[in-house]
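Okay, so here's the structure we're looking at.
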Amino acid sequence: MGLRPGIFLLELLLLLGQGTPQIHTSPRKSTLEGQLWPETLKNSPFPCNPNKLGVNMPSKSVHSLKPSDIKFVAAIGNLEIPPDPGTGDLEKQDWTERPQQVCMGVMTVLSDIIRYFSPSVPMPVCHTGKRVIPHDGAEDLWIQAQELVRNMKENLQLDFQFDWKLINVFFSNASQCYLCPSAQQNGLAAGGVDELMGVLDYLQQEVPRAFVNLVDLSEVAEVSRQYHGTWLSPAPEPCNCSEETTRLAKVVMQWSYQEAWNSLLASSRYSEQESFTVVFQPFFYETTPSLHSEDPRLQDSTTLAWHLWNRMMEPAGEKDEPLSVKHGRPMKCPSQESPYLFSYRNSNYLTRLQKPQDKLEVREGAEIRCPDKDPSDTVPTSVHRLKPADINVIGALGDSLTAGNGAGSTPGNVLDVLTQYRGLSWSVGGDENIGTVTTLANILREFNPSLKGFSVGTGKETSPNAFLNQAVAGGRAEDLPVQARRLVDLMKNDTRIHFQEDWKIITLFIGGNDLCDFCNDLVHYSPQNFTDNIGKALDILHAEVPRAFVNLVTVLEIVNLRELYQEKKVYCPRMILRSLCPCVLKFDDNSTELATLIEFNKKFQEKTHQLIESGRYDTREDFTVVVQPFFENVDMPKTSEGLPDNSFFAPDCFHFSSKSHSRAASALWNNMLEPVGQKTTRHKFENKINITCPNQVQPFLRTYKNSMQGHGTWLPCRDRAPSALHPTSVHALRPADIQVVAALGDSLTAGNGIGSKPDDLPDVTTQYRGLSYSAGGDGSLENVTTLPNILREFNRNLTGYAVGTGDANDTNAFLNQAVPGAKAEDLMSQVQTLMQKMKDDHRVNFHEDWKVITVLIGGSDLCDYCTDSNLYSAANFVHHLRNALDVLHREVPRVLVNLVDFLNPTIMRQVFLGNPDKCPVQQASVLCNCVLTLRENSQELARLEAFSRAYRSSMRELVGSGRYDTQEDFSVVLQPFFQNIQLPVLADGLPDTSFFAPDCIHPNQKFHSQLARALWTNMLEPLGSKTETLDLRAEMPITCPTQNEPFLRTPRNSNYTYPIKPAIENWGSDFLCTEWKASNSVPTSVHQLRPADIKVVAALGDSLTTAVGARPNNSSDLPTSWRGLSWSIGGDGNLETHTTLPNILKKFNPYLLGFSTSTWEGTAGLNVAAEGARARDMPAQAWDLVERMKNSPDINLEKDWKLVTLFIGVNDLCHYCENPEAHLATEYVQHIQQALDILSEELPRAFVNVVEVMELASLYQGQGGKCAMLAAQNNCTCLRHSQSSLEKQELKKVNWNLQHGISSFSYWHQYTQREDFAVVVQPFFQNTLTPLNERGDTDLTFFSEDCFHFSDRGHAEMAIALWNNMLEPVGRKTTSNNFTHSRAKLKCPSPESPYLYTLRNSRLLPDQAEEAPEVLYWAVPVAAGVGLVVGIIGTVVWRCRRGGRREDPPMSLRTVAL
C-alpha cells in the first residue's frame, strides 16, 4: 500500500482536528427487549452456531481470543444524543440520564450477542460521565477510564487478573475537518489524539487481558445532528473546507483517515503484547445522498451494536462495508478457520503493508509509421471526407476518466487519485509526445503538429491547462449539457481557434457514475433519461459547432469491476471502491439488483446506438456523431497468474492508470478508422493495442455515410475458396461452388418500389430487380446487399442475377423470373420460362453448373383468399407449389432451392393501417383487399390468420415429406427467417415506415438488405437451428462458413430428421403461477378475494354447463352429460389432464368443494344446470343452489367464499324463431336479474360470474358435411336457416341485444351495496370466433358428435377464457375467444394484482357504483328496447359504410399486388 509507519502519527495528528470526543445517537430502550433489530435479524433465529467452533481451552493470547473467552463487556465515552423530537420541547428535557441509557442500549445488545458464545457474561458496564453541562471531553474520558478500572477491580463477578475483557472506547471527531482535502496541509491541533492515546496507555498499564475497540462515531454524530436538526449542548462548529469537497475527495479522505488509525495502532506497542490490543473500528455511512436522514435506525442502539459486532468479525484492513440499513448485511459469525476476534496481528495487517510495491509504472508510448500523414489537398467541406491531418482542434466531455484522476499517481498513493492528470487523458491529453505518452491528441499531432485544444499537466476543468478538456470529475449524463455549453463558449472565445473554419474532433464519454448510482433512483438513471441527457449535449454541439466530428464512446461494461473488488488476493482500497460505485459492487452475485445493473448497462449502450442511428445528427454535411463501441465488451485485464491486474488502475482501483489511458487511446483511434457496423467492440487490454493507419483507399475517419455507402455490407469471411474438386453432391456445396442464381415469386422478388423515393407512390410500379434481395446484382456488396452480391464475393464468375429495372421479359431481369401479382398457380409458368432461359443462355452450363434458386410465393394468394376460399385454400396453394418444385426436381440438375416464407399479413396490416397519414389507406381494397380491409377481432381476420398458418404448415409438410431428398444433386430447404418479423416502432408508438416503399406494403432497399442478410444466415444455419426471427432494426453482421461447417446446409449435412407431428393426448394445461397462496386472513371483502380464498364452486345454466356430449357416446342412447368435464364446474382428474375452472382453483386450494365429477346426477355437486334450460329457469336453479348449500354439512354458509358461474341463453336463442314477436331480450334480463337477486339475498360471501351468451350464428356457420345434416335435425330451429336469410340476420340482432342486456350487471347498484357480494360479467364470448383448423375450415374437434355442444377440448378452451377474464379488470376484459391449443395460456395473479377483479378493484370507474341510481324493474324493458333500436341502427350504419368502401375507385397499382 505504500504508507510508511513513521508518518502514521503525523498524518493522524493532522487529520483529527480539535473535535471533542462524543457520540450522538437516537434514544432507544436500554435493554434488548423492544430494540429495533436490523431487517436481517428480525423474527429469525440467532444465525451463529457456537457449537460448530468446537470446545477449546480459553485463549492465552488476545490474538486468538474467541467470543466464548469474553467474560466482561464495558464501554467508556461521552455518549450524548439529542432527545426524540416527538417528545416535546427539546430544550426543557432532562439529559442527565441519557448518555448512560444510550451506552447501556448499545452494550446490552452487544453483550446479548456475545452471551450466545459465553453465557456467563454479566450485564455490561458503562461509564459515560455524570455531568449535565458539557466540559472538556478528554478530561471526562480520563475520569471514565479510571472509574471503569476501579469498577472492574471491585467487581466480585470478575476475576480481574485472568478474565478476558472487551472494552469499547467511543469517540467522535465531530468537526470532520479530516474530510477536507487540504487537511494535510493545515497544521491542525493534535490534542485530541494525544489524549486518546493517553487513555489507551492507561488501560494497557492497568487492565490485563483486554481487547479494546476504539470506535469512531464521527459520522454517527454528524448524521444524528442532521436528522434531529438541533443540539442542546453546544456542538463544535462544522469544518468548512476551503475548497469544494467532492464525493471522491470525501471517500478518499475517509479511507486515508481510517488507514492512518490502522497503521498507527498496528505498529504500536498495543499489537506487540499477548494480553492487550487495540483495534480501530470505523463507522462510515454509504455516501448515497439523503440516505441518512431517511432512516433513523441508522443511529439506534441495536444497529450500532450489530454493526460493531460485524466489524469485530472482519480482519483489520478489510472493514470495507459502510453502515447501511436499507441494504443491510447479515450478522457475521466466527468461522472455523478464524474463530477469534480480529486484531492487527492475526489479520496479518503489517505484512500486507510491508509487501514490496509493484515496480513503478512506465508510461506507454507508441510509434506511428503511416505512409500517408498528409491533409486533404483542399480543406474538406464534408465530414465524411475528413482525414486525420485535417483535424485542427480537439476537445472532450465526460467524467473523471476523461479528467484523468489518478492517471499519473504512483502505486499506493491513494490520496493522489484526487489529482486530475489531464495531460495523460486518453482522449484529449497532450503531455510530452507519442513516443512516451499515447493519447488520441498525441496520435493526431503526428498528423498535424499544429493541433490545438489538448490538455496538459494537472488541474481542474477550470484551469488553463485543461483547455478544451471540459470533463468534470463525478460527472453524470445530466451534467453534459453544461459541459457542452462551456466547451462551445471556450472555442468561440479563444483566439487560437478559427471557430468557423477549423475541423474539430470532440470525444464524449459518460455513464460510469450513472451506473454506479442507478439503484438509488431507477427512474432518474433510466436508460431513456441517460440518452436524453446525452442528446441535449449533442444538440448543443449540433446546433452551434461547425465542422465537427464527435466520438460518442459507449459506456463500458462496468460489471467486470466486481472481479477486482471480490478478488482478495489483489490489494485494493475496497472501501473507496464500494463508496464510489455502490450499485455495482454491493449486491450479491445472482441477485435481481445485479441482473438489473447488467440490463441497464446493456440498455445504456443500446439506447446510445439508437440515438445516433436515428439520423438526428446527420442532417448537415459538416457535422456527424459516430458511436465508438470499443468499451462495450472489455474483460478485466488479468495477470499471468490469472488474477485481476490492478496495474491498469489508479491506486483507488477505480480510475484508469496511464497504461489503461494508453490502451483506451489506441482502441479509440482504431475504432475511428473502422467502418460503422464493423467496429471492434471487444478488447483484451492486457495485450498492447497496435495503432493502425488509415486505409489508402478509404483514408477518412469513418462515418455512417462513408462506411455503408448506401446499403452495403462488410464480409469478414477469410476462406472464400471453392471445393478442391467440383462437388457432385448438394450436401457438400460451398458458397464458392455456386455459379448460377435465380429467383421465382411475386412483386417482392421482382423488386417493386425498392428504390422508390418516400413520396413517389406511382414509382412503386417500377421493378428494381437489380436491388432484389435474392436475385439482384446492382453495384457490389460494398453498397448493395443482396444474395448474389454476397455470393460474388466468393465467386466473381457468378451469373444469373438481375440488374437495373424492368419486367421479367427484359434482358436485365435474366434469371429473376418473379412477376408482380403472381400467385402459387403462376409458379409453373415461371419455372418453365426459367428452365428455358438457363438452357438457352451460353453463360449457363445447364448440366454442370451449381444453381441456387430462391422461391417466395403466397402473399398475393392471401390478398385474394376471401374472394374464393376454395380456390385459395391451403390445399390448392400447396398443390401448385408442389407441381412447380416437382418440375425443378425432375428436370433441373445441380440445384439448391431456397423456399422462403411469405411476409406475414399481420405485419402488412400493422404498417399500412398504423400510419394512415403516410399510407394510401383509400386504396386498401385495391392493393390487398382480403388483408387490409378486415376489421380487428373479426371472424374474417381470424380466418385470414388461419389461412396464413395453413399455408405455412402445408409448406413445411411438403418439404418435410422428404419428397425432394431423393437425388444427390437436388434439395429443397425451407428458410424460415420470415416467420417472425420484429417490426420497428417509433417513439410515438407507430410502426416505422422507413423500411417500406411509399405504398407501405412492399419492402424498400433498407428492408431488402436485411432480407438478404437473413437469407444468407439461414443458408449457413443447420436445419433445426435456423433463425426464425428477423429484427429489422438489429445490426446483422454477415456470418461465414467455418472449417468444420463449410457447406450450405441441407437436411443431410445437418443430420436433421423432420419431426413427426405428435398427437395431443389430452386438453390439460400447465400451471405456471407462483402467486398461489391464500390471504393471510380470510378476507371480508369480495374486492380483496384471491383465488386461494375460494372454498366453494357452483354453476347454473343449460346443457353446455352439464357438458352434454363432451365425450363420444359408447351406445345409441341419448347424449351423456359429462358433468365432471364441464368448463365451469367439472372436477374430474386434474388440471394437467382436464382444464376446468375447479381444476384451476384446486391448484390454489386443494380442499375446494362443490365441483361435479363423472356423469351421474348424484355426483353433480353444486352444478344445478339442466339440459334444455332457458333464462326463465334461472330463478328456480338459484333457489335449488341456495338450498343445496344450506343443507351441505361441509359448507359454512356464512364464512366460506363461494364462486358461482351463470351461463344461459343458447336455448332462448335457438327457439326465438318459433315466436319472434316475444320480448325475448326484456324477459331474458328480468329472469337473470331475479336469479341474481336471490343469490344476493341468500348467499353471503359470493362472487358471481355472469358469462355473456356466445354469437350463435357466428359460432356454427360453415360447419358443412355431416354437421350440415345434423343442424337440420337438431332442436335449434334458428340454425336451420341459411346465413343470408332474414331470420338469421334477425337472430344476430337479438343475440346482440341479449349480450347488451346483461353487460351492465357489473355496475348495477343493488349488486355493489354489500362488501361480500359482487356480480361480474365475463364477456369472452361477446365477439365469438369460429375455431379454425390448419386448412382454414371450422375445426370440428371443438364440438361434440351432434356438432352443437362442445367437446372436452371446447370445454377446456371455455374454462381458460373464463379464468383469464376473471383476472382482467372490468372494462378491459378480453371480448373474444381464442380457441387455439396451448398448454400455457392460463394467466396468473401477480403480486401487484393478486385479486379476482370486480368493478371496485378495477379502478376503471371508481365512482360509478356509488353514483349510479338503483335500476328499477320497470326500467329493464325500456333499456332492452333501446338496446334493440341501437342494434338495428348500428347494423344499418355498418352496412352502409361497408357498401361505401366497395365503391372506392380502383387504382392503377393493382398490378403490383403481392
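Yeah, the Cβs are placed from backbone N, Cα and C, and that goes for glycine too.
According to Swiss-Prot, the protein carries these features:
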ACT_SITE  SER400  active site
ACT_SITE  ASP514  active site
ACT_SITE  HIS655  active site
CARBOHYD  ASN173  N-linked glycosylation site
CARBOHYD  ASN240  N-linked glycosylation site
CARBOHYD  ASN493  N-linked glycosylation site
CARBOHYD  ASN529  N-linked glycosylation site
CARBOHYD  ASN590  N-linked glycosylation site
CARBOHYD  ASN690  N-linked glycosylation site
CARBOHYD  ASN783  N-linked glycosylation site
CARBOHYD  ASN797  N-linked glycosylation site
CARBOHYD  ASN809  N-linked glycosylation site
CARBOHYD  ASN1113  N-linked glycosylation site
CARBOHYD  ASN1275  N-linked glycosylation site
CARBOHYD  ASN1378  N-linked glycosylation site
REGION    1403-1445  region 'Necessary for membrane localization'
REPEAT    39-347  repeat '1'
REPEAT    362-707  repeat '2'
REPEAT    708-1054  repeat '3'
REPEAT    1064-1402  repeat '4'
SIGNAL    1-21  signal peptide
TRANSMEM  1418-1438  transmembrane segment
Structural state of SER400 (active site), classified by DSSP into three states: helix
Candidates SER400, ASN590, ASN809, ASN1113, ASN1378 (recorded positions) with Cα within 10 Å of HIS655 (active site): SER400
Shortest C-alpha distance to ASN690 (N-linked glycosylation site) - which of the recorded positions ASP514, ASN529, ASN797: ASP514
Neighbour tally for ASN783 (N-linked glycosylation site), based on other Cβ positions within 10 Å of its Cβ: 14
Rounded distance in angstrom between the Cα atoms of ASN1378 (N-linked glycosylation site) and ASN1113 (N-linked glycosylation site): 27
Using Cα positions only, nearest of the recorded positions to SER400 (active site) (ASN493, ASP514, ASN529, ASN590, ASN809): ASP514
Cα distance (Å, whole number) from ASP514 (active site) to ASN590 (N-linked glycosylation site): 21
Long-range Cβ environment of ASN529 (N-linked glycosylation site), under 8 Å and at least 6 residues apart: ALA477, GLU478, VAL523
Integer mean pLDDT for the repeat '1' (39-347): 75
Neighbour count (Cβ, 10 Å) for ASN493 (N-linked glycosylation site): 9
DSSP-derived class (H/G/I helix, E/B strand, else coil) of ASN690 (N-linked glycosylation site): coil
Integer Cα-Cα distance in angstrom, ASN797 (N-linked glycosylation site) to ASN493 (N-linked glycosylation site): 60
For ASN809 (N-linked glycosylation site), the one of ASN493, ASN783, ASN1113 that lies nearest, given that the glycosylation sites are compared by Cα: ASN783
Neighbour-count leader, CB within 10 A, glycosylation sites: ASN590, ASN1378: ASN1378
Other C-beta atoms that fall within 10 angstroms of the C-beta of ASN690 (N-linked glycosylation site): 9
Cα distance (Å, whole number) from ASN783 (N-linked glycosylation site) to ASP514 (active site): 39
